[in-house]
Amino acid sequence: MAAFLRCPLLARHPPLARAFATGARCPFMGFAHRAAPELQEDVERPQIPAVEVLEELLRDGGAALNRTVRDCMDEDAFPYEEQFQAQLGALRRTHTYRVVTAVGRRADAPPLGTRGTAPHTSVELWCSSDYLGLSRHPAVLRAARAALDAHGLGAGGTRNIGGTSPLHGALERALALLHRQPRAALFSSCFAANDTALDTLARILPGCQVYSDAGNHASMIQGIRRRGVPKFIFRHNDPHHLEQLLGRSPPGVPKIVAFESLHSMDGSIAPLEELCDVAHAYGALTFVDEVHAVGLYGARGAGIAERDGVQHKVDVVSGTLGKALGAVGGYIAGSEALVDAVRSLGPGFIFTTALPPQRGGGALAALQVVGSAEGAALRRAHQRHAKHLRVLLRDRGLPALPSHIVPVRWDAEANTRLSRALLEEHGLYVQAINHPTVPRGQELLLRIAPTPHHSPPMLENLADKLSECWGAVGLPREDPPGPSCSSCHRPLHLSLLSPLERDQFGVRGAAAG
């Protein structure tokens, strides 16, 4: 009855009987009259503990879990399930089917984690992209908790509709300053940042051509493909091939040259200045993905461009909050007009919920750590441990590539077998990297990511156990180990260990250096 009395139409009809009669003919009030008590705002909701609700959902959902997409269709409909199973079968036959390993990272004891019911309930994590361990840094956690208490769990909307907090603006300004660019824009992930920025730029630049490195990440490839513009693939990190391709384009045509400063899988570092100089000589914008370099290179942790002193030659830089900075999210930085255009016209920025404020608070604190003396010390320790591990692996005749990401390359089947053996037999979690993350034929046995929190004994143990599993699987070794990588022929820089580092790492590291 209270609902009827609040209706502006029925308020003009005081007699209750007449009000009910009118309400029966009103579509809105008729619905209110028939509504169940649970839908009425003045009915108290039962207080059921969230755990009991979840248990009830899981208990009652068993039947629904067994349904297929064909259950509500005629027999002559397309065989959807069979097609799905055929695709999955092909992955299993080529040893590229993805099995997710559930590991709970321990914030109190990096780089350890837990596996629950597995034989080794405690595991060492060797494939995390939390390169510096900042996701559990006390200052980062305090800032994230403070933002959570102040603003709640979610952003509450898109950036344009109620989802922009003061923390979003502060983080964008800090990221722009980090890369010495006028402006930055945050995205839900760096996949979204690359995809949206490249797609939007290709759309708004008339007749745009895109020149893409052959090793680019899937997010860049998707953004380039989405618009269907003319695209040209240059050999990985090859400025001479890039120049050959650019030389065929008319000078007045807008062009974008897109590449990664540090390759996400093999860890190779691009000749950044040379690529930028070639691009600018032919009037092309440079779009540089610094995802795996931010926080790890440069005096302030801005990446390879800062390390090489060429930040001014990068027109658009993309980065992530989710690796060395220990948070979640992505961003681009560039000129005021360029970033504003992507922000104003990019669907991946406009039509998605903004990053939660606590992510911004935590990321701001992580940036402060990265730019401090502590951050510089973490970067030194990170690089030192990567060098040490390469020494140990090469000593054992294992084909390690030269990078802070230490990939050990072999075929897909061996990838899976060795990764499983390391985890199940020794409690060492190193993920095999297979197609489509890398092209067929370029599968990486292990993508090892040592951190400052892996101790020298941990590095020794990993090398010993990997060597043991390598022999058990029957894989050949490189004997004697050469001074350069057998895959890319780049020097391994084993001699870069300082006397202090050699003393710390013992006889093996010193002898190999």
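Yeah, the Cβs are placed from backbone N, Cα and C, and that goes for glycine too.
Swiss-Prot lists Cys190, Phe191, His292, Thr320, Thr352, Thr353 as binding pyridoxal 5'-phosphate, and of Ser165, Ser249, Ser264 the one it places in that same site is Ser264.
Other Cβ atoms within 10 Å of the Cβ of Thr320 (pyridoxal 5'-phosphate binding site), summed over all protein chains shown, number 25.
The Cα atom of Ser264 (pyridoxal 5'-phosphate binding site) lies nearest to that of Lys323, taking the recorded positions Arg98, Ser212, Lys323 as the candidates. Cα-Cα distances to Lys323 (active site) place His292 within 10 Å, out of the binding-site residues Arg98, Phe191, His292, Thr352, Thr353. The Cβ neighbour count for His292 (pyridoxal 5'-phosphate binding site), using a 10 Å radius and every protein chain shown, is 29.
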